[in-house]
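Enquirer: Below are the structure tokens for one structure; questions will follow.
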Amino acid sequence: MNYQHRQEVINLVLETPAQFQFLDSTWRGEKLVALAAVSMYGKALEYASLDLQDDRDVVLAAVKQDGEALRFASNNLQDDRDLVLVAVKQNGDALRSASLRLRAYVPVVEAALKNDGYALNCVCPELQDNYDIVMMALKTDGDALQYASKRLKNNRQIVQAAVKKSAYALEYASERLRADKDIVLSSVSRDISMMKYIATELKNDDDILRAVIHAAGKPQHEYDINHAMLLGEVLNLAHASHTLRCDTTLMMVAITKNYHVLRHVSDEIKNDRSIFFAAVAHNTNALLYASERFKNDRELILMAVQQKGWSLKYASEALRNDKEIVLVAVQQHEDAFKYASPTLQNDPQIIQAALQHNTGVEALASVSDALKNNFNFILAVVTQQGTALKYASEDLKANIDIVLAAVRQDGCALQFATATLQANRDIVLAALLNEGGALQYASRDLRDDRDIVLVAIKNVHTKRAWPILTPLASVSERLSADRELVLIAVKHDGLSILYADTTLRNDREIILHAVKQNGYALRSLSEELQADREVVLAAVQQFGKSIQYAHPSFCSDRDMVLTAVKQYGRALLYATDELKADREVVVAALTEDGYALLYAAEPFQFDRQIVLLALKTCPYALQWADYKFRKDPEIRKFLRENHADVLAELDSPIVTIKGC
């Protein structure tokens, strides 16, 4: 960048510090410019000249804004006691960038640990064996125990303090203290996953097991999607006392969290009808451990299939032949049909109930040949779901009335008709009026019929993304070179250009119509057309992500990238680093989709205004912002009022990366 006046450059980096790295080296060596940049974004120090990385004023301004900027300072300043103190007070983790001398200097170490106990991993071994130093670290982060000396990991007071701060710290305690019942109780009562670290002799201790079960029932675990599964992994009641396994209240808590607990409860509890009802009401898979009496309990099974139709698989043979129960199950879930008795799998009412589901047509695979050849039955089912024609008898697949009813319901049922009917003009027209993509199943002669193809092109409803093909993919070679026909096709589906004759795939009018209808069509064009500005602009206006298929030069074209991100915010991914640091481009992207914060230059992840903008369209964008924003009162208030579930997930110890 060339700027005539220093103040213009200073104003630029004050507004968008991310631009500092793209300045000419002369400007990055200007002290006032560097001061402006690092005062807004400390890590901009990385791009300052070597002289300025050794300039105390510049480095001090940088570490005041972000202590971690110390890593870009000169070796000389990384050994400056007062400057390093400023850095570690701002961010304790900055200690890792301090000189070895200062990482052994107690006042600096204490300042770092008061800010971030995890900084214990950066101090010298002698201080990692210092009781007071380690205790100070544990006050802010119990998990810092992992960096304590072996001697202190075996110190009861140290480990108690660590576990009190963080249940996870138990993992780092000595073997002796992982057998300390009080310490273990303190840990597992807050996080049951710690059971895997406790001594073997405590895993069957009644008090420990009670603590784990009570912990599993606490509301704070509701957002941990792995918690129920985890309980099954860590909780083994096989060797628990009979008294504990007979504790009805306790076992109910455990069962509702993980039905596998039923393996180990007492027979008295397992055979208690009210308890089993409660267990099944919570999770129908509890029927896996049901006795034959419960598998034959009509009321219990009916309740189960009303929740999850496939629970029919647990029912007794008699109840799988109970029409009312099977009908409820099949209506609730498509998989239930396969668990019905052979008799009911041939019941027309049950079959028609199965056909209400998208994949229910597969239910016909197991019906009797008599039903497959029953005109009235097949007519009824193909009227309900056309592709059921697949399971009709060969005679009925050749029946005009049956096939006509099928293709009127779903044009793609044409694929199951006989070759004779696939060449029947009336049948094919009926199919195409329902779904133009069914042209692929018509006879070769009809796929060379211009009028038929026109009907197909104008009636692509794309009810399913696959295996429906654009009609142009199925036409004869002669018609794929018909300019008027191809033009009509790309106006309806831009991706049709892929199947046009090569003589037309460079036709500018056709190409422009194709990308205007579907920007994705750009990926199928020649390199010459992917470098054509008018074509690329039309494509990204329709679908911003298509910029990835354009000539690479467009990813550095500011106007083109702006157009792309306004239509599809995540297209920021394909922009050059310089444009990812352009505030106007980033704001445009985030306005469309806050997820784009993931692709913005790092300084924007520290920019409060930018983060707030991102959260408006993607609350999960907080996971890409600087961690400090998770504690920001205004941001927390916004999420609490608008996305309480997201806030709870982000606050959870286990955070799963999600999109919006």
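Including glycine, each Cβ sits where the backbone N, Cα and C put it.
What TrEMBL shows for this protein is this:
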- 55-103: domain 'DUF4116' (DOMAIN)
- 131-178: domain 'DUF4116' (DOMAIN)
- 272-320: domain 'DUF4116' (DOMAIN)
- 322-371: domain 'DUF4116' (DOMAIN)
- 374-420: domain 'DUF4116' (DOMAIN)
- 424-459: domain 'DUF4116' (DOMAIN)
- 482-530: domain 'DUF4116' (DOMAIN)
- 532-580: domain 'DUF4116' (DOMAIN)
- 582-630: domain 'DUF4116' (DOMAIN)
Enquirer: What is the number of residues in the domain 'DUF4116' (322-371) that are helix, strand and coil, as DSSP sees it?
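Expert: Each residue of the domain 'DUF4116' (322-371) counted once, the result is 36 helix, 0 strand, 14 coil.
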Enquirer: Just to be sure I understand, if DSSP states are collapsed into helix, strand and coil, how many residues of the domain 'DUF4116' (131-178) fall in each?
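Expert: Across the domain 'DUF4116' (131-178), DSSP assigns the residues as follows: 37 helix, 0 strand, 11 coil.
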Enquirer: DSSP says what for the domain 'DUF4116' (55-103): how many helix, strand, coil residues?
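Expert: Here the numbers are 37 helix, 0 strand, 12 coil.
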Enquirer: Mean pLDDT across the domain 'DUF4116' (424-459), rounded to an integer, is what?
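Expert: Mean pLDDT, the domain 'DUF4116' (424-459): 96.
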